[in-house]
Amino acid sequence: MSKKLHIKTWGCQMNEYDSSKMADLLGEYQGYTLTEEAEEADILLLNTCSIREKAQEKVFHQLGRWKTLKDKNPDLIIGVGGCVASQEGKAIKDRAQCVDIIFGPQTLHRLPEMIEQVRRGEKAVIDVSFPEIEKFDRLPEPRAEGPTAFVSIMEGCSKYCSFCVVPYTRGEEVSRPSDDIILEIAQLAEQGVREVNLLGQNVNAYRGATHDGGICTFAELLRYVAAIDGIDRIRFTTSHPIEFTQDIIDVYEDTPELVSFLHLPVQSGSDRILTAMKRGHMAIEYKSIIRRLRKARPDIQISSDFIIGFPGETQEDFADTMKLIEDVAFDHSFSFIYSARPGTPAADLPDDVDMEEKKQRLAILQDRITQQAMRYSRHMMGTVQRILVEGPSVKNPMELRGRTENNRVVNFEGLPKHIGTFVDVEIVDVYTNSLRGKFIRGEDEMDLRRNLRPSDILAKHKQDDDLGVTQFKP
């Protein structure tokens, strides 16, 4: 009888990535297979997120439900990982006696070892340290699950925004070596992956070591990934405006594999609130980035994050945010009502914005962005869009689902053979959260792949130095 593993994941795409690596790790080294049913599992893992309000209590409520399973099966192993584990490891140990393992985002690679410690009789094995990049060195080879894949290129954040727990739960910025990332993506491409999403808490701060002792910038990494055979689309998340340098913008100008969609969190349009948040930039600097981006890639769509009701936010501050939303014409947003995160500088500020006022501002903001998104979607009516077919439609399994470059889901009637490939569809209807398409042509009619000589690729970024020696600059 095979051993079963159940993982419950809360939070960001980085957590989703980490959970997939936990499953791969325990599957390869200890033979565990995933199950959707906690009642069937031999190991229960909770991968937590500390961004939202009452994150700690949410963890204890879940552990209370799992405790009933452990009461029935004393051999059941329960582990808690992620950012809440990193921040509240001792509290979890003290309050939840049913928990056997507590591990942080940077120590998930030690799971097999920690499980063995529990089996040898040790209680509450805890490791929430920050051993830099060691985590990636000890994970199994990547395994593709469809035509898209997430690849973590760096961890942590060193910006210390006043409201954010990430530097305290995931540590400061640490970048993976560029060769390791390129190898992982090449392996995924061999398995049929066509689109990669590069992950990091502050992904454009990437500074990875190269094989010759140099440093690879994020802009250089994007071009290296674009050169990998089989990779036709590149996305990345999440970025910080102060790291969005001109060399990254230049990649949008000459690298078609980089999609015409960017998620660039701004949090507020008020300079006063941005200063209180310790964001390190003003609203006009953010707009300057967008202006230069749209010069390089005129059709790019922009999404962002907003925090509503930050301590001291006045009606005038909120009006500044709404003005920024209008000026930038955001296409999508992740918007949240502010709630203090324990241990952050902002937690010491008086939460002086009335909750009803916060809710009203949030509704106004979301309504405006929904209107702008629908306007963009209506402009797509009658156009032909190239989409990567990800699988069956969620609402109708007899149809297919794909995604446009600007991150819109399109449902259409198509054949199973199109899954994992690009197709062209005509947009025939528009909905709030998706588009309706009509199949036009498949990948075999697109002439997507062209045979290129090495000299053609090198010529793309060829430069001559002062001595007339030709060099390749990625």
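Using N, Cα and C of the backbone, Cβ positions are placed for all residues, glycine too.
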Given Swiss-Prot lists Cys49, Cys83 for [4Fe-4S] cluster 1, the same-site residue among Cys12, Cys157: Cys12
Reduced DSSP assignment, Cys157 ([4Fe-4S] cluster 2 binding site): coil
Secondary structure composition of the domain 'MTTase N-terminal' (3-120) [DSSP: H/G/I, E/B, coil]: 65 helix, 24 strand, 29 coil
Structural state census, the domain 'TRAM' (378-441) (DSSP three-state): 5 helix, 33 strand, 26 coil
Candidate with the highest Cβ count within 10 Å, taken from the binding-site residues Cys49, Cys83, Cys164: Cys83
Output field, [4Fe-4S] cluster 2 shell: CB within 8 Å of site CB centroid, site Cys157, Cys161, Cys164 dropped: Lys159, Tyr160, Phe163, Val165, Val166, Pro167, Gln201, Asn202
Cys164 ([4Fe-4S] cluster 2 binding site) versus Cys49 ([4Fe-4S] cluster 1 binding site) - Cα distance in angstrom: 12
